[in-house]
Structure formats: C-alpha cells, structure tokens
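Chemist: Pasting the relevant annotations from TrEMBL:
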| type | residues | note |
| --- | --- | --- |
| SIGNAL | 1-25 | signal peptide |
| DOMAIN | 22-221 | domain 'GH16' |
| ACT_SITE | E107 | active site, nucleophile |
| ACT_SITE | E111 | active site, proton donor |
| CARBOHYD | N115 | N-linked glycosylation site |
Amino acid sequence: MNNCLKCRALVISLLILNVFQVSVASVVSTGDFNKDFFVMWAPDHVNTSSNGGERSLKLDQVSGSGFASTQMFLFGQIDMQIKLVPGNSAGTVLAYYLASDQPNRDEIDFEFLGNLSGQPYIVQTNIYVDGFDNREERIYLWFDPTEDFHTYSILWNLHQIVFMIDSIPIRLYRNHADKGVAYPRWQPMSIKTSLWNGDSWATRGGLDKIDWSKSPFIASFKNYTIDACVWKGNPRFCRADSSANWWNKRSFSTLTRVQKRWFKWVRKYHMVYDYCQDNQRFQNNLPKECFLPKY
C-alpha cells in the first residue's frame, strides 16, 4: 500500500513538473533587454540599467530612438510595463507594436499620443493587414500613465487580437477571415518600440506642437514577458494545437465574462474614436468587420 502511494505521489509530482516545464517553455524572454532586443536607432538616446532589466528611450531636437526584438514571432502574448512621457508631452508619440517588416506588412500597434499638461493621455490602437490599415481606435486612459508603470499587453492568436492594459481588454479584433475580413495570420512579427516626433498629427490633429524647451522627453520600460512562438520558417509549428501554444486553445478564442464587462466599460466611458462609427470617413461604406461580432 505504501509503495502504491509513493508511486502515485511520484506520478503526480512528474505531472506537475511537466506542466511547469510546458508553461516555462513557451516563455522565450530572458528579462534582459540587452539579450532580447537590439537598438534600432540613436543608441546614445537609449539607456539600459546595469542588469539589463530596465530601459528608457529619449526624444530631443536631435533624434528620437527605438529598439526591437532580436527574434520574430507568430502568435503569442507580449507584456511590457511602460511609464509614459511625463509633463507637457504634446506632439510626442511612443509606439509599442508588432511588425512584420514586409512591403505588405502586418502590424499590431499601441501608440501613446502625447498631451498638454493636465489633459488625459490618448492611446491609439491600429491593425495593418497586408499593408492596409485604417483601423484606428482611440481611448482616454483612466489613470495617469506617467506616475507609475502599467502593463500593456497584446494577445495574438488564431482566433483574435486583444489589446489589454493592466489585464483589462480595451480592444478586440476578431479573425473573420472566413467571411472575407483580412486578419494577420501568416507573417511573423518582431516587437518594436520607438519614441518620436509626431507633432504634425498626434495632439489635437497637429494643433499642439512639441515644446522643445521641455525636452528631453523620456519613456521607460521594464518587466516584459514574451510568451510566444518563435519563428523558425514554417508557420505550421506556430499554428499547431499544442500545449506550448496555449494561446491558440479554444479557451482563448473569446473573452471571459469578467473581461467582457471590463471591455464594455472601457468602450462606454473611455472611447474617443472608433473607425467603425466613422461613416463620413468611409462614405457610408464601413469595413465589413464593423458588422460582425467582436466576440
């Protein structure tokens, strides 16, 4: 009897260990910016802590700056803690996004649009598929994103794309490819961040320009997680239904009931712009996905 109990305990221990190994196996980030990312431009405007755990980008009249992941991915979840540019940041744009770098590129974008002091920050999200975008949505943040770090996440799988802030879903883009709606599902993408001068359009349509007397403008990053399928040249490995590709499982094909409540709250109280409501822009011919379920 004791031997039987020992065997059973051993089996349970091995199962727990296996589950742990599978969950860890899908996390491909090291937590060190120097190992997982490279500087795209202006290395003298990129500052990294001695242990590689924190990084900041600087924008001044000389240059902006940016960094990108050393690997490319096809599906998964990306989390990054970010503290946005404080003070009068009007005209600045901080972009945190996935991009395929092809002429007919796919992109999944967070863009943080600078604001005048005292005004709420606007977050713009956008999705490019096969080189075409025009899918912008904007929300006001319900907190001051310059006082502390907050977690900004992108879940991208075969079923949907979910933009999240501190685990609260702020935007969904569903895979309706079977209904003729374009969806990013074949091109691998890298993770990119950049801080740059967007004062021709970013704040009040370009009316508020950058006040360079307030520069340099600094955005900070830490505690990122890349839990995604590393691109190895064949999409079938990343599209497979496997324990490592947890994001493709049916349970992640839609929002939970709690997530749906948060999503509705964001859209009711914080939505600023939704391309699916802009009949004038599209001349009363809204994109097809605007008439299809979000979840």
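Note: Cβ is positioned from N, Cα and C throughout, glycine not excepted.
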Chemist: Rounded to a whole angstrom, what is the C-alpha distance between N115 (N-linked glycosylation site) and E107 (active site, nucleophile)?
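Modeler: Cα-Cα, rounded: 24 Å.
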Chemist: Just counting, how many other CB atoms are there within 10 A of the CB of N115 (N-linked glycosylation site)?
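Modeler: Taking all protein chains shown, N115 (N-linked glycosylation site) has 26 Cβ neighbours within 10 Å.
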Chemist: Could you list the residues of the same chain, at least six apart in sequence, whose Cβ is under 8 A from the Cβ of E111 (active site, proton donor)?
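Modeler: Spatial neighbours, sequence-distant, of E111 (active site, proton donor): V93, L94, A95, Y96, Y97, V123, Q124, T125, N126.
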Chemist: Relative to the Cβ position of the residue listed as 'active site, nucleophile', how many further Cβ atoms are located within 10 Å?
Modeler: 20
